[in-house]
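Worksheet: the structure to be examined is printed underneath.
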Amino acid sequence: MSEKAIALWKDWRLHVIVLGIVAVTESIGIFKIPLGPGTILLLPMLYAVVIGLALYFTPLINDKQSINAEPLVFLSVSILIAKFGVQAGPALPQIIEAGPALLLQEFGNLGTIFLALPLAVFLGMKRESIGMTHSIGREANLALITDKYGLSSPEGRGVMAMYIFGTVFGSIFIGMISGFLATVTPLHPISFAMATGVGSGSMAAASLGPLIAAFPEMSETLTAFSGVSNLISSVTGLYMSIFVGLPLTVKMYEILSKNKEKKTVKGSVEYVKKH
Amino acid sequence: MLKNIKEWIAVFMILGVIMLIGNWIGYDVLPWTALPGIAILIGISLVGLIIHHLLPFQLPSIAYIGIIGLIVTIPGMPGSAQIATYTAEVNLLAIATPILAYAGVSIGRSWFDFVQLGWKTIVVGMVVLFGTFLGSAVIAEIILRFQGII
């Protein structure tokens, strides 16, 4: 660990490239795309993730930089979390008042089970859908499924697919929808700020950014709530998955797939009868 | 441990410089204006990482970092107002851009795995993120309204 870690700061090529990406994307600035009643905000960080990804396929970046970049994401996220923290202190009275909402919104994570699980089953996925849709599929959920089913099981393949999808596409996707949803739905920006805390640190950054850009006058409050929500999720999220999310998904999957089987059996009987 | 701390400090100094420059280009805050703020944020992260290494509990290190940041800025804590003022100079978006730049570079290696996922996985994946995000916001909204906060 320490030997590998020692190389991190020495990877000048990586740091200079990131500095270059930051300089270019920050000078481009924010783009607003009106879409119906809402707005999609394109922020420098969204260009940054796309440019970083694209550079991987150029000779500028090789596997060494890509491997070193991973712990650097974690270390830079820790500065972001510190920023979340110092915004939360002054807002503490407000946060305590909203305490029950912050704790209970964890149940909102189950939204994926009611939306995505039926869709996955409808599209013909089998037990993979349990791994895919029981949670947002970050590191902790990957660990949980691996522990319970093993990574080579259908459930394991499902959670791995979701993990890869979230890693590659998560921050871009959630960064695009958060500002849009906040401007197009009647929900309060604070509710969305709480929702930004559900995923990984980089997803939190990507989804909070457009909220702040859309509601600059509330920036401190939004950051504070996002931070506390992220904190609560990081501590309680895994237990939520263990005790509620996963059992509920398994149960729902059994009900859904049984219904589906009945329908197909019935359908095939009719088919036989007709001919 | 000591090697780790030195390594962390070296990395944080590089990250700090990148964030100060981004903060300057994107949000017109001069680097020396934001310097105390970024130094405080780095200090908090460092203390959180060290505590995480020293304590035997299995809490993620970001839990410590967030709580330390919260404690030092609670109104009434010595220096809390100063810390809040200094750190306010560091724009959150300026911190986020380098994070996602590093993330982009690191994601490259997963790209082929991503391409191999079928379209069904990608559709379901988007609905998973969408459902979690919107579900969480809806529950928060209901309870906040119930409490009369918003």
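Indices start at 1 and increase along the chain as displayed.
Note that Cβ sites are derived from N, Cα and C of the backbone, with glycine treated the same way.
Small disclaimer: the values here were computed from a predicted structure and weren't measured.
For reference, TrEMBL has these:
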TRANSMEM  A:12-33  transmembrane segment
TRANSMEM  A:39-60  transmembrane segment
TRANSMEM  A:72-95  transmembrane segment
TRANSMEM  A:107-125  transmembrane segment
TRANSMEM  A:161-184  transmembrane segment
TRANSMEM  A:190-215  transmembrane segment
TRANSMEM  A:227-250  transmembrane segment
Winner by Cβ pairs under 8 Å against the transmembrane segment (A:107-125), considering only A:39-60, A:72-95, A:190-215: A:190-215
Dominant neighbour of the transmembrane segment (A:39-60) in A:12-33, A:72-95, A:190-215, A:227-250, by Cβ pairs under 8 Å: A:12-33
Outside the transmembrane segment (A:72-95), six or more residues from its ends: residues with CB under 8 Å to it: 8, 14, 102, 200-202, 204-205, 220-221, 223-228, 230-231
Tertiary contacts of the transmembrane segment (A:12-33) (same chain, 6+ residues out, Cβ under 8 Å): 39-45, 47-48, 51-52, 55, 60-61, 65, 68-69, 72, 213
Distant-in-sequence neighbours of the transmembrane segment (A:227-250), which means Cβ under 8 A and at least six residues beyond its ends: 81, 83-85, 87-88, 95, 102-103, 105-107, 109-110, 113, 117, 130, 133-135, 140-141, 143-145, 148, 193-198, 201, 204
